[in-house]
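Straight from TrEMBL, the features:
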| type | residues | note |
| --- | --- | --- |
| DNA_BIND | A:54-93 | DNA-binding region |
| BINDING | A:128, A:129, A:130, A:131, A:132, A:133 | NAD(+) binding site |
| DOMAIN | A:118-218 | domain 'CoA-binding' |
| REGION | A:1-26 | region 'Disordered' |
DNA sequence: GGTTGTGAAACTCTTCACAGCG
DNA sequence: CGCTGTGAAGAGTTTCACAACC
């Protein structure tokens, strides 16, 4: 149990690409060509995948405002990246633009959704109905459709049966059965740190292959399970680092340091 | 207003390193040396900074269990990275290990805290006291000390004055005054998407230089402001991508595709 | 003229592998 | 002998810049 692998940290903006990518690729040497759609998808860099999700959101907003086409420049600006990167990212999923014109918003939306697997519904289970769990459950049908929250779990017997965001909480011991019944494909861990690994093991046992982990714990999972984590402490500490760097810079630039202490 | 820059996404594990790093570094061609502590700090890769925060957490746990020293191998395993990466990361902050022995837990904790700027308190303001804002406010003094939540804001007049997590909510119009008074250094945006940019602008106006953004919006900020974002939709969609890839793989491996459709 | 798509260069981050030191 | 610290190689990502095309 518990293969030792990197865990992509979602928030915080770093890209701990982790030893995945190429490795995960089929162990077969693969003679030469045969990109075959599936192969092409596998070749998309993790970093680009995350950005595609952002483009998708921006495109949806544009579509709502009636936009028919966008140039890479416009879309890039709206998404906060430069246009070269955007075009490169889009090139990973195919050539859907028209030179001299731009991209059709509708086409791009469709293609990105297809690549991200959003044409299929992904049932989400939230484990740990504390403050955060409550908040997540109440998103009720997570970000923009496609991710219905269809199961809630907690250890606390007092919570079992209580509806949160319209869905009654189940006991964690039923996780395997319930996840199977409701075809949960994504598990969200919002438990206290000590419970996280156990919950994770149970989710994996229940057949869940993708986990979003909010607990400040490094989860050990088998190779076939994908984990992403959201770590508030890390986020804040990275920001803290930048505050510190800034303070140092300021001290170095205008004034000078006084025995290592910045004069205010 | 609103410089166009990348936004490090925290959660989700990608590293959209953004065009920062080297760029942000002093525009001076820099003749040769002069690392001068401050310079050294600036040279730490973003990705490494995020991992240092993880190491710190693991080290603290080890210290609680009475560990005096750790080897890079042990620490790396506990942190979910390989030992070479760990040693490289630690080398960015200095040489605090003993060859043949390992690292002193206490020393490492101290040094990492220093580099991350955790010796100083960073007051946090949470804006948007909805589901998520509530959850965040109730963390009460965020992750492991050092990040006291000292201000809460919302537009809803009915919420103003109501204590959440022991702290009364202030009206968003007072953001500038309150942030100044309480020396807020980190702003957390937990508002609905349409309000995020405005709130961000106000925070910046109030002098806040670091922002953690939970709203699914690409914020435009001046160069001197650091933004990290936590984007649930992106996280889920990246996981969805992996589910899809997995499904394709399975179809390719055991069965075969039927006109591009996976046979279930 | 305008804009895409993409090789190739540049850069950043990770991994290797081993010298150096306790 | 064991483990750290690190130069160098490798992998992944971003940026450049321009040919191809509408």
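Keep in mind that glycine also has a Cβ here, set from the backbone N, Cα and C atoms.
In TrEMBL, annotation is done automatically, which means it is predicted and not curated.
Proximity to chain B (CB-CB distance below 8 Å) holds for A:132 among the binding-site residues A:128, A:129, A:132. Taking the Cβ of residue A:128 (NAD(+) binding site) as reference, residues of its chain lying under 8 Å away and at least six apart in sequence are, in sequence order, A:153, A:154, A:189, A:190, A:191, A:192, A:195, A:199, A:215. Considering only the binding-site residues A:129, A:130, A:131, A:132, A:133, the Cβ with the fewest other Cβ atoms within 10 Å is that of A:130. Each residue of the DNA-binding region (A:54-93) gets a DSSP state, and the totals for helix, strand and coil are 30 helix, 2 strand, 8 coil. DSSP classifies residue A:129 (NAD(+) binding site) as coil under the three-state reduction. Summed and averaged per residue, pLDDT over the domain 'CoA-binding' (A:118-218) gives 94. The DSSP breakdown of the domain 'CoA-binding' (A:118-218), given as helix, strand and coil counts, is 31 helix, 29 strand, 41 coil.
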